[in-house]
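A.B. asks: One structure, as structure tokens, below. Some questions next.
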Amino acid sequence: MGVAVWAAVRRRPVRFLVSWWPWRGWALLVTGAVQGAVVLVALAAGLLVGVGLSVLGVGVLVLGWTALLGVPVGALERWRLRLVEPERLPDPHRSAARGLRGRLRERASRRELAYALVQSTVFAAAGLLFAAALAFCLLLLSAPVFILAVSPDTVMLWPGRPVSGPLDGFAASAAGLLGLVVLAYSGALLAGAQVRLAQQLLGLRDTDLGVRVVELTRSRARLADAFEAERRRIERDLHDGAQQQLVALGMTLGLVELELRGRDTPATALVARARGEAKLALEQLRTLVRGIHPQVLTDHGLPSAVAELAARHPVPVLVDLHLPRRLPGPVESAAYFTVSEALTNAAKHSGADGITVRGTLDAGALRLSVTDNGRGGADPGAGAGLQGLADRLAVLDGRLTVTSPPGGPTRLELEVPC
Amino acid sequence: MLKIVIAEDAVLLRAGLVELLERVGHRVPAAIGDATALVRAVDAERPDAVVTDVRMPPGHRDEGLRAALELRGRHPGLPVLVLSQYVATAYATRLLGAGSADRGGLGYLLKDRVLEVGDFLDALERVAAGQTVIDPEVVRILLARHTADDPLRRLTPREREVLGLMAEGWNNQAIAQRLTVTEASVVKHAGNIFMKLDLDPAEGNRRVLAVLAHLNHVAAADS
């Protein structure tokens, strides 16, 4: 992160003097003197009252609030620093952690307190000095006018050496001007230093960012879990509801057929057709349920579900998948649907006549690969299905890699910690 | 007339099964919805056959299958027909591999088969008569899972067809009818199959079990 006021000095050192920059630097320092004084008093008062009342218990509360004095100071500073820094510093606080306790726990609050201490002492003192020096330089600068105003009385710019007339004052003016030039540069230097310190202490840090990333990952994982639960609910509802109903309907129709057996009536053919349609609906429903969340996965876990996929697959699939335990639900279903997608793709595009699914669980991670002996050349980015699965795995901190050189083989690998 | 105990947790299907069986003249003294009640009911009623779902309360896993195996242990030769929501060859293997399978009928059918009312009743009666009935879908999958050095590859397509029907539990006469060939040619095919697969050509359940054991062995070597 750069400091704008330093950059301005470096870029055009002479133009800097006639720009707004010196004024802005001085403004920052002088207003900082006032602010720092107030903060210092408040800190001292809070500390004194807090320690004094600590026997009463409320003292601790007072001390707590005093420690949080950095928070409003930080907010004010982020706003005030825009006098010299066009880029506004981001607020490092998490909106989730509110209240005394939440804010005290945040590192950002502690950094702001540190900043407030430095600002209210070092920079406030420097600001005070600057104010005095500025006043003195302006006084020197205006010496000829001043002398003219008070003449014919004698004026002593230097003790013991009275000036003879306004012309004598020009030397003083030159000195004042020189002082202003020095103050302009030193003010820029000091204002820049304050910006730099603020960047270190008042902005967002990587650690704060880390917290946010964890929060985001968590909320994404929660979302994924919620979807997973919803899938299971839909699967269960279809399974226990619609599917059973269809079986019962088919049975009733079968009974009717049985009743009509031997009788020559057009109803026989109609009932047979109705039963055929019920059966078809049942099959479609079953395929649908399998796509949402297969029952066998819920009941028996990944190896059985993959074995069932393999059994239904038009291309011979060799399954070598032995897991010592059941895996967490989201991992199981993400792995299942990845294998399912890989098998579907292999059947559709690869021209393979043999597919191998291998999987192991070691060092706390599921490693699974699907390899076909087809012609390769698959574009991993092309399949929306794979993309979605990669996203799903990413939520679980997993990875999906597809290698498919022209001429094959196509190999899909997934790795998920669990 | 058979005395049949039904265990099925889906109420509609249970009611439908009871109605179906009673309508064709069987008696259903108990139709229950969970596995522990099944064991109690069989102990009390001594039925001629049990029809049970795999997935049952309380755990909704394979309680029905486990109860069936337990009952087979307590009442040797008790015919059991297991209904399953989906093909899981592991179920079939466990059911058929659980010893004493050569005494008393065993069946493993997909629930959809119930819709073919005639086939279902036929299967149940065959199980009650001591035969073994395996769902064609399961047989298809077992037959489909083979590797390069698999002796199944030595079979001709027609021989495979015969093997499949054999595994489903049909006898030579029924196979001949289904394939519209003479029984003699089925016997000839069967002989070839047993020779090629190096199987004991005994009749009945043992024949089915030998075929299934072989297929399972192939499947196991495969996976």
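Note that the numbers count up from 1, one per residue, in the order the chain is shown.
Just so you know, glycine gets a Cβ as well, placed from its N, Cα and C.
This is the feature table in TrEMBL:
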DOMAIN    B:3-126  domain 'Response regulatory'
DOMAIN    B:148-217  domain 'HTH luxR-type'
MOD_RES   B:D53  4-aspartylphosphate
A.B. asks: So if I measure Cβ to Cβ from B:D53 (4-aspartylphosphate) and keep only same-chain residues at least 6 apart in sequence, which ones fall under 8 Å?
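C.D. replies: Looking at Cβ-Cβ distances below 8 Å from B:D53 (4-aspartylphosphate), excluding near sequence neighbours, one finds B:A7, B:E8, B:D9, B:A10, B:G64, B:V82, B:L83, B:S84, B:Q85, B:K111.
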A.B. asks: Please give the average pLDDT for the domain 'HTH luxR-type' (B:148-217) in this predicted model.
C.D. replies: 77
A.B. asks: Using DSSP reduced to three states, classify the residue listed as '4-aspartylphosphate' as helix, strand or coil.
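C.D. replies: The residue in question, the residue listed as '4-aspartylphosphate', is strand (DSSP, three-state).
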A.B. asks: What is the three-state DSSP composition of the domain 'Response regulatory' (B:3-126), stated as helix, strand and coil residue counts?
C.D. replies: 60 helix, 26 strand, 38 coil
